[in-house]
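Beneath this line is the structure, given in structure tokens, with notes to follow.
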Amino acid sequence: MNKKLFIFGLSLFLFLFIFNLSLSLKLSSKNNFYNHNHINNQIHRNNEGNNKLSKLIHLHNDVIDTTISNRDNILFNKKSLNQKSKGSLFLVHLNGPIEKQVHNELIKQLDQLFNGGEIIHYIPDNTYLISMIGSDNNDNNNNNKIELINRLKELIPSIQWLKPLEPRLKISPLFKQNQFQGDNQNEIDQLRIYYHENSNQQSNDIDNIISESSLTLVEKELISNNNNNNNNVLITVNLKNSKLSLESIIYKISTRSLVYWIEPSSSKLIKHTPSNKFAHYSIQSGSASTTSTPIWDVIGIKGDGEIVGCADTGIDINHCFFYDTNPIGSTHRKIISYSSGNGDQIDEIDGHGTHIVGTIIGSTTVDPSVSEFSGGAPNSKVAFVDLQVGSGNGLSIQSNLTAIYQSTYDQNAKVHCDAWNSNIGPFYTGVTEMIDRFQWDHPDFLVVRSAGNNVNFGFNSIYTLSQESTSKNSLVVGSSNQPSSTYLSSIDYWDWDFIYNSIRTSVCTQGQSIYGITCSDVPTQTTSVDIQTQCCSNPILAKICCSTEIQQQYQTNSTVYSEFIPSLFSGVGPTSDGRLKPDLLAPGSPIISSRSLGPSSTINHCSPITSGIATSALIAMEGSSQAAAVATSAAVLVRQYYRDGYFINGKVNSSVGFQPSASLVKATLINTASINVDSTLEYSQGFGNIQLSKLITTTNAQTTSLDIPSSIEKADPIINTGETNSYCFSLDSKADIDITLVWTDPAGSPLSTFTLVNNLDLALLAFVDGELSIYSGNSETIFKNTSQVIFDQLNNVEVIRIKDAPIGSYDVKIFGTNIVIPNQSYSVVIRTSGGTTLMKESECAQCFYDPNDDQSQMCEFDNGIGTQYCKDDNRFSKCVVYECNTGYVFDNGITKSCVTTLALTLYDIVLLGIFGIIIVGAVIFVLVCYKSKSLDQNKYFSLSKDKGGDGNSIRSNSVAGNNNNNNNNNNNNNNNNNNNNNNNNNNNNNNNNNSNGKQSNIELNSVGGGDDGTPNGDDQQQQNNSPQYDEDGRLISGQEVEISIFEVISLGKPESKILGLALFLSFIDVALGLAVPLVAANIFDYLYAGETGKISTTILTFALIIIGMIIVQFLSGILLALAGHRIIARLRREMFASLLKQDMAFFNERKTGELMSRLASDVSSVRSIISDSIPHMIIQIATIGGTLIMLFIISWKLSLVVLCPLPILLVFSKFYGGYIEVISVKVQDALADAATHAAETLFNMKTVRWFSAEEREVAKFSKLISVSYKIALKMTIWNGIYSSTSGIFEQLSVFILLWYGSSLVSNGDLTPSMLIAFNLFLPFITGAVTQVASLYTTYKSYKGSSYRFFEIMQRVPDIQGEGGITRTKVRGDIQFNKVSFAYSSNPDQLVLEKIDIKFEPGTITALIGPSGGGKSTMLSLIGRLYNIDGGSITLDGTNIKDFNVPNLHEHISIVNQEPSLFSGSIAENIMFGKPTATRSEIIEACKQANAHDFITAMPEGYDTLIGERGTALSGGQKQRIAIARTIIKNPTVLLLDETTSELDVESEKLVQDSIDKLVVGRTVIIVAHRLTTILTADIIAVVSDSTISEMGTPEELLAKKGMFYDFVQIQYGKQGEELDIQLPSNSRNTRNADKLRNRSETIKQIAKINNIIPIHRPQRGDDDNEDDENNSGQGSSRSPPPMWRQAKKNANVNKSMLLTRRNTHVQHQSSSGGWQKGNVDDKLQRVLQKSRKKGFMNNQDHKDIKATLVLY
């Protein structure tokens, strides 16, 4: 019970341990397993950095730590909502990264719960600005909103933090900049107000504030329309007439619930100002000095079919670059639309717009000399928006820039050029948000924007980007210089007057500070003021507008005027959030292009260039605007490159062409760029200068390869959070690698410090020479460790460039790190160049094989997820199940898949059934086919008959002791005195004799007993052979004993059906039990998955299984118990029958108590083996088999490791079982000795009581019991050692499970639920193995204790009980023919030697002689209780060996000296002679036996119970009943063995009378010593010294004066004197009882007349000195000793006969001679008792008799 509690507690602990472990594993599963591969996982989220960063909300006016602020998270009430602007707009922070389904669910719930609530902006990190606007703002609505917010939290558990947007967070940081501080604060004359409008909550409150604050509404524009109910609106208001301070106005507006952003604006300070023969060479060939245009000339791309959008000052449509006779529209050569706010279609003189558009698309058909200065995309057209309000007034940009883009986009313009900027920067403002929003909404629309010209924005920074140029999605271009030769060529194309006047306007009119120039330095141009003179006279102006000074600078200052150097005026990044801007550089100084002549331009004006003199149709300009125009033309060429399919092989292939996205165009331009010079400003060059020639596949014998994933589906790939896309290639030669990733990012929020919304990451994995190198986007670091990779978290452009990349495999990885707005598209361009071969597409390396790192990844599996492991080819192995879905478990057997618990249980039952069928089949085979040696009845029919009659029969040794007197001894007794005898003693006697002389045998008290030695019928010729032993080393009667498992099982054959059914039910119980861990694992899965509703159903299944197990266990237990009871009853019956079939030698060798112990305890042991040990062992083996199946299905690795201690336990159990088997035999033998002693004591209880020997007997019994106790104590100690050792092995297995199993779970090799199941299965197998080991030792113990059972059951008696001839009647003619016989205990000492005697029918033959002479043995041989060693015994001439033994016994009967009665009634004892006898026959027999009278005198008469062994009767009564039993049998041959020797005179007379009646007409053989019995015989045979020394009638023998004569002298006390005895005639005709008795009376009368001769006493009690006390010196005068004594003395010459009863002490004749057996006093007491009964001596004569016997 304690063990079960311990296992249950341990299992519960492990369950909780694994449950907590699995929860932590679930939370970190993305760190342990991989969506695509191990390396992906390691580098995928390194850019997130510290987890704390993902908990921050980055706002311009605050950084909110949600882990600190969440203590009052969503603590909304009426008061707080009123205080927080009624709570219309909220910031909601979620646990990141944010997955697609979370985002979609948030949108859905906002719309449903808040009547059209929506996401307005994303704010890093993981935060959304959302609207939750109700129908009104009353108290009831606020209370309802609290409930809805809490409901939202419940529906979206990933919400970590949620609070209203506070007013302080809505104010732009521009208000704090220098340009709007101090005196300039008054220059803020406008505010831009962004608010969210809902149909349920209009902007009435804002309108009210405008009215109350005396603000003037300048403009109200819809900047985004998210759905039918919600809009984001921009309001621009004028502050000129307001009576309130700026701070008050801002505060009042910020408190409005609908407002989310406020920015400053100023009509005075904020200006939108505009910020190419040689440029063509630069962007196409990479250098202006290389006068080639391969994009135009080699592959023929000039922008055909492309439309460019542009918004600028206007276009001189009469210029030859644009002129067409067709009206502006789709048929116009260059301009398909012209939108002008003023309604004109002209540009100012030297207008910026004309120059920009000419740089992009300008081309002429009039003058070839001018065509050299055509635009970069000369075959393209333009959709133009005129932004100029008036000459010299700059640009008029409407508040909503998206309207500009929409107008050009509607004309199918996909590239738009903005060559202007405001002087606000470099913050991400509402203006920037609009630019990015439009491109997000139109992903094929690319805005190319100038980086701006260097302007001091009023803060201390070298970064000079404008708010527009901080746009993420726009291609922002900075200006780079062209070669000095280009500068010199452009000197005549500068409009110096225009430059001078522009400076004067900026300084004098607009008040701008330019290099410290004052208004007096730039007087108005007049006839008296020459601009060149004015410019050249001023050292500052000389560097700006003095042509000679500038020409000299062009020639001498190579530091500044060199190719690729960023222009000094070009805007420099980064942006305020640290992003890289500008993206690219393009030639912007100088650019010669079309010149506007203003309103006075003439049609198609385009004067030629003659003799190097500049034409008035062209003008040189510089600025980032010109660079933007050049880059725009390059973008147009790239679009055609993809649209017409040039990207495949440089030729038109429209079938593969597609419309590229803006991000692909941008990525391609950046991919071709290169940084050609070093710069002191880190962010000044972006990603370098454009070089489109890199797109050409073959140039100058170098090979360029492009991989454009967007071209596969003709659309950009899509990615979401947690996803990874891979593009892989290999290099066969060294080459340069350029990889560019660009995505159009959702618009950022002006509220946030950081603008990146969707975070993608680029990585390149290089596998070169077995080493892994990792490159990340925008990083120059090469990472070797995946955990150290750092990613760019700011830019939506990422670039990897590798110079001279070595041969190897390369995998490009695009990670969806945190896609907060789902379905982000992206573009990636992969280009290799410089190698001799093309890059080859290859299979992506799914992992990087590292022998020291077991890499794995998750994979899809039916009804579950799996894992894969990295192989040496950098590919993952086959998907192996890691975890099954809820309700499924993994079958690691045949199916290798996730199956239902029921299916796996059935599968296990099937396997277990097959296993059970094999086992049960083997058992049935044994039961049916194996022939049990123990139960085989044929063994009694297969005996070979003795070879009698020739004296040469073969005797086989079957002794349990020593075979001769010279063998070495093995003393296994408890004797206190050692002897020198060579006998093997197995007794507990304390006295040993040192004599080797012949031993005289005591007469057996019953037939087959006596003192002739232990009988044996084995052959004599093999008497010296080595003894035979069984498989365990035990000697067994010369016969092999089978105790194999098959023999044991076969004993249960009659109960095989019951046992088979019990085993079948037990197998069902095992199968049901094996389902329990699986059900428990299923419960764990449901608990783990949170599906608690299904747990109750599973628990019900669990309960049904338990109930089924209880029922099955009950039934199988009943059947096993029933089988056990039937087995024990049957085996006791079988054993008893086997005992009764044994020959008398068997019984002589064993004690009755021992046999009773075997019949009781040994049979119980066998029953325990058959019905307990073996079935339970089979059940436990089945449990082991089924459990092993399940354990190896779950995890073969864990199974092998956990079960490794068990073989040690099994080996230990094997040796321990063998030891227990041996020691169990000793215990059983010791208990048998004790039982034997107890049986003997109880059998002789009267003697014990008379001698008051109770304490002595108890002491002896205690001593014997202590022997078994000591042995059992030793066995108990070993049992304890074994139990503790086996327990240690069990706990060791549990420890290994905890250690190794947890590591397998953490490594993904094992699911948590399966580890739980494994833990629950482990006690099954450890318990079963322990049980098997215990049952094995129990089996060995029972086997040892049941050894004697099998010895008895399998012992084949030497005398065949079955078969042989049968006769219904015999004459009774018995003849001994040279019969020799020796007992098996002393085969060297013949008891009978060549005996020849004949017993004729109708005669009485008396056998007399010294005790131990062989008289009783002869009777036993006649009844064939033993086999003779030589000669033959015949009955009616037929050898008795040929007789059927039971039939032989039907003709022979015996009456023993001590009759054997049974504890039944008198009638039952008499019927033992004839079971079919009637009551009348019984009465008649009793009358003849003189027993009727005393029987009828008893209360119950013949039905009187006489008690055990007839204890209720006297000796004479028992003898007469025995005679009656013989009379009723009516035998032909009657054997009488001292029938009256123990009776008193009266009883003797009655018995003798009954004998006289019995002997008439039969062959009678009498063994007797009383003359009254002997003298009735016809023939007397004296048996002495193993032979018949005398034989004849009594008269003849008396006349011979031989041994019979001496016998008579002893009885009459006339030793040494002549007896004159007259015997009556004893003829057959005159003989009667009276005459026969007269013989005795005559002898007695003669003996009484003579005096008794004095007895000669010896000098020593143990001496045979023949001198008596009175005549010690006259020995010669003594009469010679009688022949009787001489015969005994002659017998001393022979070797002593050994008694073979194992526990009988044997004494030998002393060295001085004489014959005696046992204690002399005991013998004399017996002799005197007999003498008194015979009447030969009175009580006074007993001393003389004693002296005489001692003398002999």
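Every residue gets a Cβ built from N, Cα and C, even glycine.
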Looking at the candidate ranges 628-648, 1174-1194, report the one that Swiss-Prot labels transmembrane segment.
1174-1194
Report which of N785, N1024 appears in Swiss-Prot with the annotation N-linked glycosylation site.
N785
Would you kindly give the Cα-Cα distance separating N823 (N-linked glycosylation site) and G1414 (ATP binding site), rounded to the nearest Å?
118
Are the transmembrane segment (1315-1335) and the transmembrane segment (909-929) near each other by the rule of at least 3 C-beta pairs under 8 angstroms (pairs 6 or more apart)?
no
Whole-number Å distance separating the Cα atoms of S1411 (ATP binding site) and S625 (active site, charge relay system) is 149
Checking the recorded positions H352, K1415 for other Cβ atoms within 10 Å of each Cβ, the smallest tally belongs to H352
Calculate the distance in Å between the alpha carbons (Cα) of K1415 (ATP binding site) and D312 (active site, charge relay system), and round it to a whole number.
153
Shortest C-alpha distance to P1410 (ATP binding site) - which of the recorded positions D312, N400, S625:
N400
Can you tell me which recorded positions out of H352, N400, G1409, S1416 are within 10 A of S625 (active site, charge relay system) by Cα, answering none if there aren't any?
H352
Looking only at G1409, P1410, G1412, G1413, the binding-site residues on record, which one has the least crowded Cβ, with the fewest other Cβ atoms within 10 Å?
P1410
Quick one: of the recorded positions N557, N653, S1416, which has its CA closest to the CA of H352 (active site, charge relay system)?
N557
Give me the Cα-Cα distance between N557 (N-linked glycosylation site) and D312 (active site, charge relay system), rounded to a whole Å.
33
Could you round the CA separation between S1416 (ATP binding site) and N653 (N-linked glycosylation site) to a whole angstrom and send it over?
130
Taking the Cβ of each of the recorded positions and counting other Cβ atoms inside 10 Å, which one has the highest number: S625, N823?
S625
Can you check which residue among the recorded positions N785, S1416 has the largest number of Cβ atoms within 10 Å of its own?
S1416
For G1414 (ATP binding site), just count the other CB atoms lying within 10 A of its CB, please.
28
Quick check on the glycosylation sites: of N400, N557, whose CB has the lowest count of neighbouring CB atoms inside 10 Å?
N557
